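Feature annotations, courtesy of TrEMBL:
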ACT_SITE  D139  active site, proton donor/acceptor
BINDING   N9, E375  Mg(2+) binding site
BINDING   K16, H198, L199, G200, N201, G202, D273, M274, R275, G321, I322, G323, E324, N325  ATP binding site
BINDING   R83  substrate binding site
SITE      H171  site 'Transition state stabilizer'
SITE      R231  site 'Transition state stabilizer'
Amino acid sequence: MSTSTLIINCGSSSIKYALISDQLDTRISGLAENLGSEHARIRGMTFGEQPLDLSLPYADHEQALEVLLQRLSQHQPTAIGHRVVHGGTLTKAELLTPEIIQSIRQATPLAPLHNPAHLIGIEATMRLFPELPQVAVFDTAFHQTMPAHAYRYALPKFLFSEHNVRRYGFHGTSHAYVSERASQLAGAIKHGGWLTAHLGNGSSTCAVWNGKSVDTSMGLTPLEGIVMGTRSGDVDPSLHQFLANNLGWSLERIDKMLNSESGLLGLSNLSNDMRTLVEASEQGHADATLAIEVFAYRLAKSLAAISCGLPQIHGLVFTGGIGENSAYVREKTMAYLPHFGFSLDLEQNKSLPRGTEGRIDQGKGPQIWVIPTDEEGRIAQETQHVIRHL
Ligand code: ADP
């Protein structure tokens, strides 16, 4: 590899990493996991497809990053790109300066599970590699082009003006990547309207017009919107009052239930994993069948709703672990969307090899694509863009 960018995505006890060459054609990736525990380890690949498996008992984020960089330094990373979930109202990727780090800290109440872990990673890499330029790439930034009528809640104005209560949206790097790729594939670069469905453990939809996000399903936090692995998506806001009055639940209990015990897991009472649910449904598990149906119906409903942000629909893109791999979920979703002229080609949908790019409509009406997402590649590109314009 010539020169490269190191991409880091820090969670509370894990670090996903990828080293990507400047031409984006060579990459190695891996995961440091169980950090802080006796089972801390790094697993991944080195060049030549050699597996890397290092046990690092009780290593913390900083120790794991130090070992990682020792291993990767021969590949000359020239910059580090950090994935950061919440950038508040920051509109683009930013070079990490004390002011930008302060903005990430200020956005912590809006992403209490994610931003503190990102800050640990950022502070560790700043201490370890002060000479390398470092960039934060935000999940929220792509959606900062939403108009006020899409991002404002119908709540008292002071909550917005004094407390930043508004819709932000997430998965921005994925929606940006797949909509741009779809425009290229369709020969309509930068022009046109795309609906994108990122369906993983967390899931969201987005409406993109001429390369800009105009609406998305997630809101103030990644809980709003469609059904996810363990997250409920939209519920009646009075549910909190109902559960407090009738079950005596605290706000913390309700928040945990909505984030960790709901979604596909809650509906099926079986699993948050779509593969498990599809298999169970085939064997007659009624709750798994219902969970998939609710998932597909609510997804179709969200796509129809945010299409209001688009003057015209060129096409729809499925991405994320479920969107890329499950022909069954794509078919179920499109069955609820007989509108706008969509017509799924059932055979092409079924025969598209898992995890590959391909078009699955009948050649009339808006196009339907499956495009594997590349959040890491997009973060590398955005990092390089910031560095070039320093
Ligand atoms: P994350 O949001 O954690 O990055 P992914 O994008 O990897 O998640 O998506 C994980 C989801 O993709 C899981 O629900 C998994 O079951 C689902 N998935 C992966 N492969 C398939 C498949 N062949 N059929 C159905 N679902 C799949």
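Backbone N, Cα and C define each Cβ position, glycine as well.
A map of TrEMBL features onto the structure.
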residue	record	CB count, 10 Å
N9	Mg(2+) binding site	23
R83	substrate binding site	21
D139	active site, proton donor/acceptor	26
H171	site 'Transition state stabilizer'	30
L199	ATP binding site	28
N201	ATP binding site	16
R231	site 'Transition state stabilizer'	26
D273	ATP binding site	16
R275	ATP binding site	12
E324	ATP binding site	22
Same chain only, sequence gap of 6 or more: which residues have a CB within under 8 Å of the CB of E375 (Mg(2+) binding site)? R83, T173, S174, Y177
Running a distance check here. Ligand 1 versus the binding-site residues R83, N201, R275, I322, E375: which have CB less than 6 Å from one of its atoms? N201, R275, I322
Spatial neighbour of E324 (ATP binding site) that is closest, considering only the recorded positions N9, D139, H171, R231 and their CA atoms: H171
Reported as an integer number of Å, what is the Cα distance between D273 (ATP binding site) and H171 (site 'Transition state stabilizer')? 19
Rounded Cα distance, in Å, between H171 (site 'Transition state stabilizer') and D139 (active site, proton donor/acceptor) is 5
Minimum Cβ neighbour count within 10 Å among the binding-site residues K16, I322: which residue? K16
Report the nearest neighbour of N9 (Mg(2+) binding site) in space among the recorded positions D139, L199, R231, I322, comparing Cα positions. D139
So how far apart do the ATP binders K16, H198, L199, G200, N201, G202, D273, M274, R275, G321, I322, G323, E324, N325 get, largest Cα to Cα in Å? 23
